[in-house]
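Annotated in TrEMBL:
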- 1-24: region 'Disordered' (REGION)
- 37-118: repeat 'Solcar' (REPEAT)
- 133-231: repeat 'Solcar' (REPEAT)
- 248-338: repeat 'Solcar' (REPEAT)
- 40-61: transmembrane segment (TRANSMEM)
Amino acid sequence: MSLGALMEEKRRATTSSSSSSSQVHMPKDIDWQMLDKSRFFFLGAGLFSGVSTALYPIVVLKTRQQVSPTRVSCANISLAIARFEGLRGFYKGFGTSLLGTIPARALYMTALEITKSSVGQATVRLGLSDTTALAVSNGAAGLTSAVAAQIVWTPIDVVSQRLMVQGDLSLNKHLPGVMNSCRYTNGLDAFRKILYTDGPRGFYRGFGISILTYAPSNAVWWASYSLAQKSIWSRFKHSYTRKEDTGGSMVVQALSAATASGCSALVTMPVDTIKTRLQVLDAEENGRRRAMTVMQSVKSLMREGGLGACYRGLGPRWVSMSMSATTMITTYEFLKRLATKKQT
């Protein structure tokens, strides 16, 4: 039996012993067993590629702020990119990122839905309340999907982020030994040079700290999202049928996503800054270029501005996460509706 069927059965059983006014009426969830998988992945590739295209310039601004040795505003970075690099400067590394988005999102969505469905069924059978079952299953799904996606995302991040920052004039001026050691013409050239200089391990720089950043953050985000969603739905005094709930659902999903994103961005920002520097910057020892360590990254940040340096790029990251989460979750839920198997 699917998770949705189990939750519905439990809800009916609970209704018999509770008044209808005390129930939280939420739209019925669409779980993994209800999806047409080929349609789900095909439509997902197109929809999420569109979202990534719209949000990519904000990611470029965030990345350049994080690796900058001095505090530079988003406005100044934007003006410098527009003046010296043109529109293409806002999309450096985009081709590489887009190629990685499709398999990474497919892996992410598969792990998310399978884990959510299996853990959700287990929690319902254990007799946990709907609220607890949703939080636990969503949290576990967020954790496993983040770990699975990082297997693909980390190499893509390393290549695309190096392409993002190599046009940054402030880095070239203040960190010549770090930034001028390699120049890349495109993603393939970056891949070849990283493989030659660092070997396969070079593509997984910061993998451990990426897991430490995204796995707990994703778990908290999905758990918070499910709780925020239920809390907002509880404000509604009437239930919605499947035909009526589309508009209301999207508003609730957007508000829940924005709420979960704000705290997540604030809590994980220092670790994300360290991760970005590990993936982009090198250190010099005795005239030799080497991969930067976590301690070297932390020490350089402390020298440059203390804890405040760890929060460079917080504004773009906050905006990026909120916009990304809001658009992603509404797109994701819309995609699930489009990919639902037709009832026979």
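The backbone N, Cα and C atoms fix where each Cβ goes, and this holds for glycine too.
Within the model, the repeat 'Solcar' (248-338) carries an average pLDDT of 81. Tertiary proximity for the transmembrane segment (40-61) is limited to same-chain residues at least six positions away from its ends with a CB under 8 Å from its CB atoms, namely 74, 77-78, 81, 89-94, 97-98, 101-102, 105-106, 109, 164, 313, 316, 319-320, 323-324, 327-328, 331, 334-336, 338-339.
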